[in-house]
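Dropping the structure in here first, questions after.
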Amino acid sequence: MSADKELPKIKYAEKAPKLDKAQLEFMKLIEQQNLERVTKLQRVKRNNLITAGVLVSSVLGIYAYSIFKMSEAAVRVLKTGMRLPPLPTLRDLVKLYKLQALKQLSQNFLMDERITDKIVKSAGRIDPRDTVLEVGPGPGGITRSILRRQPQRLVLVEKDARFLPTLELLRDCAKPLNLQVDIFVDDILRFDIEQHVPDTSHRLHLIGNLPFAISTRLLINWFEDLSLRRKAFRRNDTCMTLTFQKEVADRICAPLGHEQRCRLSIMSQIWTQPILKFTIPGKAFVPKPEVDVGVVKLVPLKQPKTDLPFALVEKVVRHIFNMRQKYCRRGYATLFPPEQRDEMCFEMFKQADVEDTLRPFQLSVDECIRLATVYKECIDKNPHIAAYDFRAPKNLSQEINV
């Protein structure tokens, strides 16, 4: 029944003589129900129109937003060029400049742009005002992927001067994008980040396919810098996205009780949150290494788990894990001279409230920190213990203890 047509009115007065009371009441009930049905249909129609209007508005809004974003991207392409100019492939450049990986520098080239893009993507958002420092760019595989993200500045630290031509080519190609690329032929272990990246008003990202030979040493150095809020870590949001041998990557991220848990696990987890992002098969590198590679992102903790001196914490943790298959007290005891070892070690574990028969990989970060804390209290009272080195010749150790 159309909602717009009126129902025919029944003339009850004319029909009354022929209808009894029950029939009249029934007819009135039917008419009332019809009126209610019409009212309900009119309400449904009105609601349908409102719903349709909302849906149409939403679709048009989404469409308009999509057009706007596409236009914005198009404008950006026109203004900046968006993409790097056409470049020779990495393989062609390596052949052109006769570049070969040097075993003594632990060099392995990563040629697959899909993988280099994935590494840079693992670093998270890179804003147009950010600075990126890449360690060991080599022929520039990861460098290309970083430039596609268009940071304000890219700092390249490469020890091997043979790669200068390929890196300078990338620098020249980045100029039309108004991207600043600075190349330093230097050893990252000695590179003065504070001098070459003095501006702390914008975020710094550390990215690199690290040479296996220096990866652990570099990471420990950076943890110390992070603990002191210096060099690359003057801001507390400098993230590290780095490659390691898969075994080392597993150790960095190893949780409590994991068989791979070691000194590096504890040190990493005191100052950062390490995340194993993905694994790169060895066959993706040239030359192919004997191991797979893990990509790890290390995010600095807003509040480190201790404010103890870095060197002291590192010393205690290193001693504990020197004998990782023994009870943890065995390694910890080597912090003390033999004549005081058993007594002091027992007292330290008691004060720290740590079970001395746990294996080192069974110790939590908090338990390691408590053991470092009581050791600091001990050497504050007994300074000669701090100078003790269980590896030193006996006569030298005796002279120190006198």
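Glycine too: its Cβ is placed from the backbone N, Cα and C atoms.
It should be emphasised that the depicted structure is a prediction, and the values quoted were computed from it without experimental measurement.
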Among GLY124, GLY136, GLY140, which residue does TrEMBL name as a further S-adenosyl-L-methionine binder in the site formed by ASN108, LEU110, GLU158, ASP187, ASN209?
GLY136
Compare all C-alpha positions of ASN108, LEU110, GLY136, GLU158, ASP187, ASN209, the record's S-adenosyl-L-methionine binders, and send over the largest distance in angstrom.
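So the binding residues stretch over 20 Å, Cα to Cα.
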Under a three-state reduction of DSSP output, how is LEU110 (S-adenosyl-L-methionine binding site) classified: helix, strand, or coil?
strand
